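S.K.: So TrEMBL has the following annotated:
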- G32, S33, G34, K35, G36, T37, R149, K194: ATP binding site (BINDING)
- 52-82: region 'NMPbind' (REGION)
- R58, Q80, I81, V82, G111, F112, P113, R114, Q118, R155, R166: ribonucleoside 5'-phosphate binding site (BINDING)
- 148-158: region 'LID' (REGION)
Amino acid sequence: MPAVEALPTPNRTKPLYDPSEATVVFVLGGPGSGKGTQCAFLVRDYAFKHLSAGDLLREEQDRPDSEFGEMIKDYIKDGQIVPMEVTIQLLENAMTASIEKDNKRLFLIDGFPRKMDQALKFEEAVVPSKFTLFFDCPEDVMQERLLNRGKTSGRSDDNLESIKKRFRTFVETSMPVVEHFESEGRVVKISATKLPEEVYEDVKGALKEKGIEIPVFKFSVPDSSAAAS
Ligand code: UDP
Ligand code: MG
């Protein structure tokens, strides 16, 4: 994955991509709501390129000569939102790489935007999103899932102290983003408490309504590689 080279995100007079050149679906929901699991199903069945903001940040954090590594580490452990310039640049680089290398232009952007400034800046400088899939899940369910994941994930933020901070950031900082898109009629809300396969049935129905279909070539490829992350 390309490193962050140019900062800050340039002040463009219009977005880098027109919606006809790149289709973006944002995937939002609290920590542990199942975003990664549902994205894995979607990638198995559809033509999506999956970009997880958290994964891109962790990758950048681990890149030996990254000037942002330490900063990212502190923000993630503390459940805070990394300054948007870094995250937007990482997403933009990954999108451009996907378009240039594979001509893949259908993007699932998972776990972003989780703050109003990111939402506005991304749509202004990169591309306006098509819509947002929002996974609605009560905190007690999410907490149980995260503590379970923490037994094996090795993630610095899957412990009770970080989880509590992440919940707080989600309610105070990220829910306003969902509400903003909702006020524009651009959110599809999915209840995320059921089993992953059951939730996925609702997700497929929602995509169909938005005109996103399973490509014909995918029907013939047996693949059971969907995995939670
Ligand atoms: N993060 C961030 N900006 C983003 C996305 C993620 O700063 O746009 C950071 C934030 O600290 C968050 C962490 O990365 O708590 C983990 O995000 P991830 O999406 O992996 O967590 P999830 O919600 O899927 O469990
Ligand atoms: Mg995730």
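The backbone N, Cα and C atoms fix where each Cβ goes, glycine too.
In TrEMBL, annotation is done automatically, which means it is predicted and not curated.
Source: prediction; values computed, not measured.
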S.K.: Of G34, I81, R166, the binding-site residues listed, which put a C-beta under 6 Å from ligand 2? Please answer none if none do.
M.R.: none
S.K.: Can you tell me which parts of the same chain pack against the region 'LID' (148-158), counting only residues 6+ beyond its ends and a CB-CB cutoff under 8 A?
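M.R.: Residues packing against the region 'LID' (148-158) from afar: 31-32, 73, 76-77, 79, 166, 228.
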S.K.: Out of these binding-site residues, T37, Q118, which one has the fewest other C-beta atoms within 10 Å of its own C-beta?
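M.R.: With the binding-site residues T37, Q118, fewest surrounding Cβ atoms within 10 Å: T37.
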S.K.: How big is the gap, in Å, between the Cα of K194 (ATP binding site) and that of G111 (ribonucleoside 5'-phosphate binding site), rounded to a whole number?
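M.R.: Cα-Cα, rounded: 20 Å.
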S.K.: Name, in the order they occur in the sequence, the residues of the same chain whose CB lies under 8 A from the CB of P113 (ribonucleoside 5'-phosphate binding site) and which sit 6 or more residues away.
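M.R.: Non-local contacts for P113 (ribonucleoside 5'-phosphate binding site): F26, L28, M84, A119, F122, V177.
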S.K.: Return the members of K35, T37, R58, I81, R166, K194 (the binding-site residues) with CB less than 6 angstroms from at least one atom of ligand 1, or none.
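M.R.: Cβ < 6 Å from ligand 1, in sequence order: K35, I81, R166.
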S.K.: What count of other C-beta atoms do you get within 10 angstroms of the C-beta of G111 (ribonucleoside 5'-phosphate binding site), across all chains shown?
M.R.: 23
S.K.: Given the binding-site residues G32, G34, G36, which one has the fewest other C-beta atoms within 10 angstroms of its C-beta?
M.R.: G36
S.K.: According to DSSP, does G34 (ATP binding site) fall in a helix, a strand, or coil?
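M.R.: Coil, per DSSP.
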S.K.: Consider the binding-site residues R58, G111, Q118, R166 and say which one has the Cα lying nearest the Cα of K35 (ATP binding site).
M.R.: G111
S.K.: Could you find out if DSSP has I81 (ribonucleoside 5'-phosphate binding site) as helix, strand or coil?
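M.R.: In three-state terms, I81 (ribonucleoside 5'-phosphate binding site) counts as coil.
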